[in-house]
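The heme binding site annotation in TrEMBL covers B:His131, B:Tyr135. The topological domain 'Cytoplasmic' annotation in TrEMBL covers B:1-8. Residues annotated as topological domain 'Extracellular' in TrEMBL: B:30-161. The transmembrane segment annotation in TrEMBL covers B:9-30.
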Amino acid sequence: MWKWLHSYADPERAYNLSGKLLPWFAMLAIALIGIGSVWGLAFAPTDYQQGDSYRIIFIHVPAASMSMAAYMGMATSAFIGLVWQIKSADWAAAAIAPIGAVITFIALLTGATWGKPMWGTWWVWDARLTAELVLLFLYLGVIALYASFEDKVLAARAAGILAIVGVINIPIIKYSVEWWSSLHQPSTIRITGQSTMPTEMLYPLLINILGFGLMIGAITLIRFRSEVLARNSMRPWVRTLAKAQGVK
Amino acid sequence: MNTRRKKRLALAVALIGGVAAIASLLLYALNSNLNLFYTPTEIVQGKKDTGVLPEIGQRIRVGGMVTIGSMLRDPESLHVEFAIHDSLGGEIIVTYDDLLPDLFREGQGIVAQGILIEGGKLQATEVLAKHDENYMPPEVAEAMGQTHEKLDYKTEQKSGY
């Protein structure tokens, strides 16, 4: 089984596989985000306390939860790249970082726009909010480190170490609302036990979370493919590929 | 796995373990400082773990539930006074001179930032509404007796104090 998996470490095979997976990820992501957003924004019932303002949850929660999931994906790739010295894994980590940063930014932005009318403030130095901001800086640090070395093997190692060290922030974000008293409310979606939300609100939210995950996957595949091409531009298979596309 | 990979794996795992240990020690040491607010009980009796009491004149945040029936509004100005309490029975009076957030109601969780003044009162400069993780349609809330009417003052509250 490991032998079979290992064969996909080869850049050409990884490139072709990600090309095959891309349309599935993209189509499913568009379909799920479409269904989830329309259902959530137009058809889900209003909240008894917050009225229609709560509907930003259908963007905020998917973005926030997937910003953490994307970080775990990036750190796992970096770990594999660092330990087994698989370059494809390093490129995957480098491909995820900017997407994760944008998703984290969306989570912070939607959180601020939700906080202003409901809490009465755009920002408060609450444990949850601060930890999420640190996540954004971690993403930016990984991007900056990867970009600042000419030698991409060295760059991937430096960025990978930062990505792995930053994993410690993920449980802090997740449990910050339980460990400390904060303005941010605890989680609504419970993996074990009853979620504190009726199903007609919960389903569109879960669909959107899945849709955001697939969207991140799809954009990662696109970026991964271009990263593979950029790092292998001198290889014969890339040259034949370029020739086939009509590039001189 | 060959020895070089084993070595790198051990190094990476040690790195994660070390950072996790440092972070947990750091968070443990900072634990009480990472809370956004004091609860009313902590203002009266001191913090749970350290017993530190906030001093008069100190700038603090207090979080708790607005006590039902405690709201007093000055009919001439924006000045309001209300009590907030927590589940442990502590209670503190908060005074405020500005617009309250939309979600502010008696029985609602709030976080007030301000200066602790004489008599265990908090002179708030900012009042933030806290909402919980429960979402439900209005009909369901009504059926459960959890309607959130707009703040309605009793006559004795309107008459001031």
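Any Cβ shown, glycine's included, is placed from N, Cα and C.
Note: TrEMBL annotation is automatic and uncurated.
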All-chain count of other Cβ atoms within 10 Å of B:Tyr135 (heme binding site): 26
Neighbour count (Cβ, 10 Å) for B:His131 (heme binding site): 18
Outside the topological domain 'Cytoplasmic' (B:1-8), six or more residues from its ends: residues with CB under 8 Å to it: none
For the topological domain 'Cytoplasmic' (B:1-8), residues assigned helix / strand / coil by DSSP: 6 helix, 0 strand, 2 coil
Average pLDDT across the topological domain 'Extracellular' (B:30-161), rounded to a whole number: 80
